[in-house]
Amino acid sequence: MPGRRLHGCRSLHFNEDNGRFALLAVLIVLYLLCGAAVFSAIERPSELRAHGRWNGTLLNFSETFNVSLQELNSFLREYESAIAAGIRADALRPRWDFTGAFYFVGTVVSTIGFGMTTPVTVAGKVFLIFYGLLGCAATILFFNLFLERIITLLAVVMKAVRERRIRNSGLLPPGIRHDFSAYSLPGWKPSVYHVMLILGLSAITISCCASAMYTPVEGWAYLDSLYFCFVTFSTIGFGDFVSSQSAAYKYQSLYRVANFFFMLMGVCCIYSLFNVISIVIKQVLNWMLEKMSCLFCQRCNKASAFLGRRNAIRPGSKGRQGRFGQTPDSDGPCDSDTEGRRLSGEMISMKDLAASNKVSLAIMQKQLSESANGYPRTVCGSSRHNGFSGGVGALGIMNNRLAETSNSR
């Protein structure tokens with residue numbers, strides 16, 4: 001029985017990816033349930049009041065003009081069909097002229113999908129399926145390439161600032177101090193938190209500037225304009241607010257160019273920010289798994305205490321090892337907040353790094369970044385050579401170009 005518990009403690013880190021996936025799925029479900037409860041409590045009373053007002057309006061109209069409710073509802077259904085086809089009581093710009101069609105395909109390939117304009121013919125629906133398949137794939141590739149370049153740009157700027165600070169601090173060894181260009185922090189990568197802060201500020205700046213344009217031109221409140229910017233830039237696209245729908249605008253050509261520019265930059269910036277936040281969420285999941293692993297392994301230690309040996313897995317330890325890679329001088333499987341991260345190969349212990357490196361802060365930063373990003377994952381003392389272990393797509397770009405950080409950094 002103790003042997004089985006030991007094996008279960010060892011396999012907990014072996015299935016770390018599956019555990020992270022399952023934990024994220026559970027948290028997303030809980031997040032959805034909490035969001036549904038909050039929105040239902042906030043919006044449901046307003047919906048009931050609107051239904052009451054609308055039913056009263058229909059009843060008064062029916063009694064005033066001697067029209068049955070059945071005929072009135074039939075007329076309203078016809079009007080709803082006309083709205084879906086782009087016909088409104090107020091004069092709006094045509095939906096399917098070249099300008100309107102270009103606006104529509106832009107919302108398709110960017111996956112915004114406002115829903116204000118939709119194809120109604122069979123040929124249009126069939127063409128949209130094939131057109132959207134290729135267009136959305138190409139646009140996602142464009143977003144990934146934009147993400148790669150914006151992270152590279154930020155890394156170059158942040159690296160130059162860090163080199164300047166290190167050069168002026170006087171912490172470099174004498175040989176490197178005179179020839180700092182040859183050293184230049186090889187392998188250094190920016191912190192994910194710094195990049196998240198910069199992208200967050202950029203997204204806020206773009207949204208505020210765009211809202212300052214939409215408020216006077218579209219006649220929206222400034223808060224509604226900010227709401228529209230988030231819904232659009234995040235490609236949610238509810239369709240309750242849609243820009244560039246009036247028949248004419250003052251400085252119409254300039255406004256449409258500015259509208260396209262803000263949408264393009266906003267979507268790219270929010271897409272990059274979402275991917276950076278996903279890295280931070282991954283770190284939170286790692287921390288939660290580490291704590292769960294510590295609790296589980298503590299129970300394993302209590303169960304195996306009668307055997308007179310300790311259950312410890314210390315990857316990277318150079319001392320004498322026993323069965324299952326145990327070391328007699330180890331204190332436990334999770335004796336520090338960073339041991340769980342060492343088991344997955346994502347971070348090295350600051351205690352071990354500081355003890356083995358008595359050089360400058362620049363060398364320490366270099367080795368920490370290389371340990372966090374350059375080595376393959378180790379699982380129970382063995383390495384897994386998996387080309388997809390760092391993630392694919394946008395997540396792979398973030399893992400390759402950013403330093404996944406923790407409290408120990």
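Heads up, the Cβ atoms here are built off N, Cα and C, so glycines get one too.
TrEMBL lists 20-42 (among others) with the feature transmembrane segment.
If you look up TrEMBL, you'll see 93-150 (among others) marked as domain 'Potassium channel'.
According to TrEMBL, the feature transmembrane segment maps to 101-122 (among others).
Residues annotated as transmembrane segment in TrEMBL: 128-157 (among others).
Residues or ranges marked as transmembrane segment in TrEMBL: 192-214 (among others). Below 8 angstroms of C-beta separation, residues 150-151, 154, 158, 220, 222, 225-226, 228-230, 233, 243, 255, 258-259, 262, 265-266, 269-270, 272-273, 276-277, 279-280, 283, 398, 402-405 of the same chain, each at least six residues beyond the ends of the transmembrane segment (192-214), sit close to that stretch.
Under the heading domain 'Potassium channel', TrEMBL lists 205-282 (among others).
Feature annotation from TrEMBL assigns transmembrane segment to 220-242 (among others). The list of residues near the transmembrane segment (220-242) in space but at least 6 beyond its ends in sequence, with Cβ under 8 angstroms from a Cβ of it, reads 107, 110-116, 203, 206-208, 210-212, 214, 262-263, 266-267, 269-271, 274.
Residues annotated as transmembrane segment in TrEMBL: 254-274 (among others).
Sequence annotations record features per position, and here TrEMBL assigns region 'Disordered' to 313-338.
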*Find the average pLDDT over the domain 'Potassium channel' (205-282) in the predicted model and report it.*
93
